[in-house]
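Student: Please find one structure pasted underneath; my questions will follow.
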Amino acid sequence: MEKRCAMLVSRVHRFISPLNTRIPVDGDMLPLWKLELYSLNRAFCGALLVALPLLYTMEMWDRPRLLPGWLVVLWMIFGVFLCAAFFLFSGFRKENLKRSVVLDGVTSMGVGIFASAMTLLLIGRYQWGESLDIIARLVALESVPTGMGASVAISQLGGRGAVARSNPASRINPDLRALLATFLGALLFSFNIAPTVEHQVIAQSVGGWHVAGIALFSLITSWLLVFHTRTEGVSGDERVALTDTFSSTIFSYLSALIASYAMLWLFGYLTPGMPLHLQVVHTIILGYAATLGGAAGRILL
């Protein structure tokens with residue numbers, strides 16, 4: 001039994017450093033647990049900075065009551081993978097520190113759950129006598145954007161003792177890395193709009209030329225931002241498929257549209273019985289915001 005426990009501990013330590021590990025920071029040797037507290041502090045602040053508008057959004061309070069339970073669970077699983085994906089782009093890992101991006105993703109979601117639950121409690125979103133199922137759904141859905149904010153704060157803002165080094169995403173195919181950064185940025189940016197009813201109002205009030213104009217303007221904006229990343233030297237020259245601005249623009253816009261469609265479907269705004277042309281209109285309208293977020297993801301990640 002003792003041997004099995006020892007083997008289990010050794011396997012865990014292959015991926016996760018013990019909390020008593022000493023890390024060199026500014027000439028000092030600090031314990032890992034203290035650095036983790038610094039990271040959790042950044043995560044909590046980042047969660048609120050990114051997601052506080054959604055915590056104050058009425059549609060985010062109402063959607064959990066309308067979505068089926070399995071879809072809320074799917075949101076949570078989706079959130080963990082999104083948070084883990086942000087850590088793939090972290091360029092500020094601490095030396096001699098083993099980390100698991102999945103564990104980091106789960107930790108970010110945990111911070112998101114705490115930040116969401118506390119904020120919703122303080123603003124009186126829990127009604128007396130309301131079922132725990134509804135409260136759990138509300139916190140679960142809100143924890144996705146707060147968890148994403150936490151992961152961005154930990155992975156991208158760095159912190160005391162952080163040192164620049166190669167990030168895990170550098171081992172991914174350059175084209176896939178660019179598309180993943182675009183997709184993550186599109187999701188994070190469009191999250192502030194997808195749960196609201198404004199895109200429905202817009203879809204009902206615009207004509208065909210408005211939709212075509214939005215799509216064209218989104219493409220132009222995407223091209224300008226992709227061009228900026230290339231002139232600033234952000235994009236690498238080692239790509240295989242996305243070797244020119246035109247192809248990068250098209251794929252970036254398609255990634256933004258896919259992210260938009262996924263968000264609208266997960267929030268229950270797109271259903272199988274909805275006419276295809278309406279699904280396209282809703283996706284293009286949200287895709288405008290997602291395009292800006294995708295470009296930001298390429299620049300920042």
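Placed from the backbone N, Cα and C atoms, the Cβ positions cover glycine too.
Residues annotated as transmembrane segment in TrEMBL: 39-58, 70-89, 101-123, 135-157, 178-197, 209-229, 250-270, 276-300.
Give me the lay of the land around each of these features.
Tutor: Long-range contacts of the transmembrane segment (39-58) within the same chain: residues 107-108, 111-112, 114-116, 119-120, 123, 142, 145-154, 157, 159, 188, 191-192, 195-196, each at least 6 residues beyond the stretch ends and with a Cβ under 8 Å from a Cβ of the stretch.
Cβ atoms under 8 Å from those of the transmembrane segment (101-123) belong to residues 15-16, 40, 43-44, 47-48, 51-52, 55-56, 76, 79-88, 138-140, 142-151, 154-155, 168 of the same chain, restricted to positions at least 6 beyond its ends.
Residues of the same chain lying 6 or more positions beyond the ends of the transmembrane segment (135-157) and with a Cβ under 8 Å from any Cβ of it are 39, 42-51, 54-55, 60-61, 63-65, 67, 69, 72-73, 75-76, 78-80, 82-84, 86-87, 89-90, 92, 104-105, 107-113, 115-117, 119-120, 125-126, 187-188, 191-192, 300-301.
Cβ atoms under 8 Å from those of the transmembrane segment (178-197) belong to residues 50-51, 53-54, 57, 59-60, 63, 82, 85-86, 88-89, 144-145, 148, 152, 169, 172, 235, 239, 242, 248, 251-252, 255-256, 258-260, 262-264, 267, 269, 286, 289-298, 300-301 of the same chain, restricted to positions at least 6 beyond its ends.
Long-range contacts of the transmembrane segment (276-300) within its own chain (CB-CB distance under 8 A, at least 6 residues past either end) are made by residues 156, 178, 181-190, 192-194, 199-200, 202-203, 206, 211, 214-215, 217-218, 221-222, 225-226, 228-229, 232, 234-235, 252-253, 255-257, 259-261, 263-264, 269-270.
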